[in-house]
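Engineer: As annotated by Swiss-Prot, compositional bias 'Basic and acidic residues' applies to 1-13, 55-65, 862-902, 913-922, 930-941. If you look up Swiss-Prot, you'll see 14-32, 87-98 marked as compositional bias 'Acidic residues'. What Swiss-Prot records for 42-52 is compositional bias 'Polar residues'. Annotation source Swiss-Prot lists compositional bias 'Low complexity' at 111-134, 671-680. The domain 'RRM' annotation in Swiss-Prot covers 724-801. Swiss-Prot lists Ser43, Ser153, Ser713, Ser718 with the feature phosphoserine, giving experimental evidence as the kind of evidence. Taken from Swiss-Prot, the feature phosphotyrosine covers Tyr717. The annotation region 'Disordered' is assigned in Swiss-Prot to 1-149, 629-713, 862-941.
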Amino acid sequence: MDADKQLERQLEKELDEMPAEDLDDDAYDEYDLIVIPDQGKGSPQQGHSESPQQEEEHKSEELRQRSRPTWPPSSAGGDMTTIELISSDDEPSVEETEGGNAAGRGRARNDSSSSSDDVGVIEGSELESNSEVSSDSDSDSDNAGGGNQLERSYQELNALPSKKFAQMVSLIGIAFKLNDLEKIESSVLELQNLATVPAHVWLKYLKARLVVTQTDEERKAFEEQCAKALGYYYSIPLSEYVVNYLVDQGNVQNHVLWAKLLADYDVERPDFGDKLRSLISTITDENEAAAFVEMLQKHCVTWTCNVEQRQMIKSVVDKFKQHLDETTRGWDWSEQHKAHVYDVETLSLDDDLKNAVIRFIFERSVAKFPIVDVLWLSYIEFIQFEGVTVPENEDENEVTAEMVAKRAKRLGKGFLRNTELDLANRGVRSHPSVQLNHRFLDLMERSDFELAEVDEEIRLILQRIVTDMDMTVELHLDYLAYRIRNTNASDEQQVASLRAAFNHAWEELTVLYGDQADTRYEVLQLWAQVEYTQLGSPDNGREIWRQIMGYPGSSIRGLLWLNFAQMESEYNGGHGTRDVLRKALSQPVLENGLMVQEFFRRYERCYGTYESIAACQALDLPVEYVKPRSRIKPNSQSAYPRQQKLKPRQQQQQTNREPLNREQRRRQAHEQQQQQQQQQKHGIKKSRTEPSGGATSPPSKVKGPANAEAKESNFKYSPNMEINKIFVRNLHPACSKEELHELFSPFGTIKDVRLVHKLNKQFKGIAYVEFEKPGEAQRAVAGRDGCLFKGMNISVAISNPPPRGTSAVKPSVAPKRRVPTSLIPTTLVRQEVAAKKLRLLLPEPGDISSTSASVDVAIKREANGEEQKGDVQERDEQKGEEQKGEEQKGEEPKGEEQKGDDQIGEEQSGVEQKGDEKKEEEMPAAVPKSNDDFRKLFLKD
């Protein structure tokens, strides 16, 4: 016994004299969480001041740690309570929860202190900032006091019956500060029941767990924890740590751990497989090695990839990783990342390899942006493999079986193998949102979850999102809709349970948020409508509406009265509709009172009598309720900061002058009005006098990509159709010139490609491609119009640009239709049209009276701007005028009818001669066709 103590002291002395760099020389320094405490925190001599029994325990623990050469030893004379755990070196999530650090600092006792951002993800900085230890000092009392304070904080938080998310994060941080493995494990597992534990927290926990792992059973339990940690988030640091552990241990017995790990990470990290191949070569049993390789081929689809396939996968992976590194939090998945999935689908690989690469894209995306719900929803849509239409000629059963097989291949066989329900659960546990909660509830209903299971999941989500009132209300409404769909109205027990669910939801919202929760009374309105419709109890529905209208402020809201009246009218036979509307219009003030009054009048006209209609019309409309304006804060910014900056100093000086009397104000207003009129006239004259090509607009200060590219490109704007240039639209946002050149180069020689951008450097999704020959452009239109390019159906057409816009100020109203005009007087044109009509309508050469009447009518219509009528209609009008003329002739004096035949013949011949002369005068020899011809008419001598 004395020899053992002497050996321990000798080893302790050698360890104290050993340089620090020798202590840190270890293969696992990159992931090591054990740090030698500095002299300020405690010196090795502190162990001698303790009791002999504690000292002996510390030394025995120290010897046990030294007996393991693979892993770094602990500090001399220290136990597990003196090991300091630092944060991991893995890449944390980009999304940081605002106020998360403040939630963890000194808020152990404040249960109500939380914010809406508490539903965010956990960052490593939060764990480091929680429950900071007091400042370092040389005295043992300070260190002991800090430890006692942390211990008290941990006990107080752990004793809470229902912990909030922020409190659980604080609990984990305190546990890591205390360096107590049992506390760390219990706090991590407790958080695991509520939310998804991030990868960097798992990494810290595994490093602390490995320190005390020695026996085979402990190593087996440790590997089980590694497998559990790998099933939450895609994390390269975590996978590297597990792979390095297995390689250093020479562990090839855990076939499942290796196979599932490579199934998830071999796409990005083929070096993991290379390390495993070197270990497989050391297996002496050929049957065991063959079975292991067979399992790897079954799980990891990239295990047997050749060099060419690896190169194709590597190009897509590297491109996506670069894009992901450059991507910030403000992006749109459907517009930005959809092209990467399309690139994978166009590769000449089998479906298993494509699905593996696409899963990698999704897993890396949700690992970096875990709170972006659209990523989780897109991932779920990919796994579901829905939206594929069955052809008419194909057998539906065979196609369905094929789709089921393809869907099974999309799931993968690694630790991150998730169905759509598992993905929705992961997304909700990572960061709940209204869309994700709705999707998760829908998938649980499709999977035939029991009501108790659904209630438990909803309870966990509500516990997580208690700080977000709007999301909580939406989740309650989604849950109530689920209960309505799954309630049998003929079962009294289910009906009572449904009513209890409505009552519980309303009471819980009232307790949590008071009068601020569900101010539109959507829960109660839904309950009332269910009572009216599905449960067939209008009395209960009316009672719920009376409860709604009894709340403060609801009686002045006209839309609520309208909904109440409509339910009574539609589902209760209109028994209480009149009373509801009369009570609404009897309010002193009312929002949307006109809508209520109009509805009341329509109802009375449809179902009422003369007396009831008159009584309804006699009701006065209440005063419109005007919401009080919110006070402007002193530090609030104006909505028009530019206008405030551009105010002249004269207006600021005028505020200091004496107020003007009425006459001075009238004169000032008159002068301002005259100045405005003069400015408008001056602007109109200036726009009229400016030549079309003489004045040049000032150069724009904004130099966007469109301007820069216009200088670089050889394109020239043409207002006419360009038969050798094509116009392409509906392109994906990340489109480049090289991609378009590659797309259209098979149809001919491309001279230039131009992408059109906005001034804010945003791509419009359109481009111009110019070919050398028109035939090449025609072939490009025929070959590429409507084709699928990077996930988008593009449209290709011959370029026919509209007239180029000018820098003039556009009118605020729609511009009038412009018609091409010339300098030829419209009278001559009308005469030409009338002459043509004369030739067409002339039935006989001698019928002068009818033709002259038709010419007059035609000229009159043209002069008034009326539309030209058809030939049949004109003939009918002409006959009517001839009949009127004959009737007028019958009323003339008889003396005129008794004229001689000779005199009548002379008059008719004179009329014919005059008509011929008039016809020759009205029809010129040559109608001017242009401005030059028109000038020649007036330049003749």
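Here, residue 1 is simply the first one shown, and the rest follow in order.
Yeah, the Cβs are placed from backbone N, Cα and C, and that goes for glycine too.
These figures come from a predicted structure and were not determined experimentally.
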Engineer: For Ser153 (phosphoserine), just count the other CB atoms lying within 10 A of its CB, please.
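Structural biologist: Around the Cβ of Ser153 (phosphoserine), 22 other Cβ atoms lie within 10 Å.
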Engineer: Quick one: DSSP breakdown of the domain 'RRM' (724-801) into helix, strand and coil?
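Structural biologist: For that range the per-state counts are 22 helix, 32 strand, 24 coil.
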Engineer: Mean pLDDT across the domain 'RRM' (724-801), rounded to an integer, is what?
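Structural biologist: Residues in the domain 'RRM' (724-801) carry a mean pLDDT of 88 in this prediction.
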Engineer: If H, G and I count as helix, E and B as strand, and all else as coil, what does DSSP give for Ser153 (phosphoserine)?
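Structural biologist: Where Ser153 (phosphoserine) sits, the three-state DSSP reduction gives helix.
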